[in-house]
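Chemist: Supplied in structure tokens, the structure appears directly below.
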Amino acid sequence: MEEILRLRRSVSIDDYIEKVKPIVEAVKREGDKAVIRFTRDLDGVELDSLRVTEDEFEKAYDAVDDGLIDALEVAKENIYRFHYVTSVERDMKVEFEDCVMGKIYTPIEKVGAYIPGGRASYPSTALMIGVPAKIAGVEKLVACTPPNKDGKVNPLTLVALDIAEFDEVYKAGGAQAIAAMAYGTETVEKVYKIVGPGNIYVTAAKLLVAKDVAIDMPAGPSEILVIADETANADFIACDCLAQLEHDPMAVAVVLTTSRKVADEVEKKVKSEGDFSNFAVFVVEDLAEAFEISNEFAPEHLTVAVKNPEEWLGKVRNAGSVFLGNFSPVAAGDYASGTNHVLPTAGYAKIYGGLSVESFLKHFTFQMLSEESMRRIGGDVVKIAEAEGLRWHAESVRKRLEKI
């Protein structure tokens, strides 16, 4: 197990928090001016303004193939369908012995999304964030995404942001983008929660501002763990591993299999594509051992390529998203099956779930007690309040009991 855990390279996030702190503080003080300065100094991009204009959106549609736009629309429909059907009941009410209680979910009013750039553009992330946010009822949904060297946002990303119904989009990346959304600038809307994946600097900035705004989860490099038996298709598994490894030099791919033949074939295929220090294949005694290891590793993506995979789903305790069978590639979930691809990494699946409609909701509880309810529990409330030394808690109940 230690050998598997070591595949995740240890990075001190505290060091990066210290690096981004001056950036965050400058944006907090100076607003747009600081964002534009850091975009020039760190990214080599000169900007006149931060907000993406309607004209830029129109030109983006002209630059993107119609077939690709149609594909994004299909992905949006599937993402909407899954997230709508699986979202929590908004208004729950119960009654116990004349005491009416309930829980009501309401949307977070303002949310900011970070849409990564850098090594690649990620229009799919716009859909993964925007669709559940709008189902939740977020009133103001904004996004920051890094501009290209010419000061423009990738056209495909802009089209996806428009399809996902974002209200405003800003040309900013890195820690300066996170700070702008956390504290607001002359142009960028101050939000109540920031979501979306990014590099180590983005993650550090999110953790730094988390004392002032909510965040979704810490994010690290992409990862996959595959559990396979002799029925698995080694070529499929190798491709799934390579799909994660192409994201980032620090991405991780692990295969646990009961079949030596599958192990050898997967290893040969992956290594023929490059030397990946964060890739490993292990032969295990049985599937029970594989699931035990997987639950400790808590992978972002878990592929279960075994006979009757659904029968093993109950063994999964910790995973961001699970892909069952030989024909459920991670890429399907990344783009268009309907589940979300903004997922916990680096073992955080032990304590976080992936992005969902609930990520954009908060709840409050309510209660309405009748005189009979007050008579029934009032004496117990007084006893507990007095035991805690809280005189007026007890008195607030005692006064009511006297009137019943």
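The backbone N, Cα and C atoms fix where each Cβ goes, and this holds for glycine too.
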Chemist: Of the candidates HIS83, HIS301, which does Swiss-Prot annotate as part of the substrate site that also includes SER222, GLN244, HIS247, ASP334, GLU388, HIS393?
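Modeler: For the substrate site that includes SER222, GLN244, HIS247, ASP334, GLU388, HIS393, Swiss-Prot also lists HIS301.
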Chemist: Could you say which of the binding-site residues HIS247, HIS301, HIS393 has its Cβ with the most other Cβ atoms inside 10 Å?
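Modeler: Selected residue: HIS301.
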Chemist: Which of the recorded positions TYR114, GLN176, ASN199, GLU300 has its Cα closest in space to the Cα of GLN244 (substrate binding site)?
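Modeler: Going through TYR114, GLN176, ASN199, GLU300 one by one, the Cα closest to that of GLN244 (substrate binding site) is GLU300.
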Chemist: Please work out the number of neighbouring Cβ atoms within 10 Å of the Cβ of GLN176 (NAD(+) binding site), leaving out its own Cβ.
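Modeler: There are 27 of them.
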Chemist: What subset of the binding-site residues TYR114, SER222, HIS247, GLU388, HIS393 lies within 10 angstroms of GLU300 (active site, proton acceptor), using C-alpha positions?
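Modeler: So far as Cα distances go, the binding-site residues lying within 10 Å of GLU300 (active site, proton acceptor) are SER222.
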Chemist: Among the binding-site residues ASN199, SER222, which residue has the fewest other Cβ atoms within 10 Å of its own Cβ?
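Modeler: With the binding-site residues ASN199, SER222, fewest surrounding Cβ atoms within 10 Å: ASN199.
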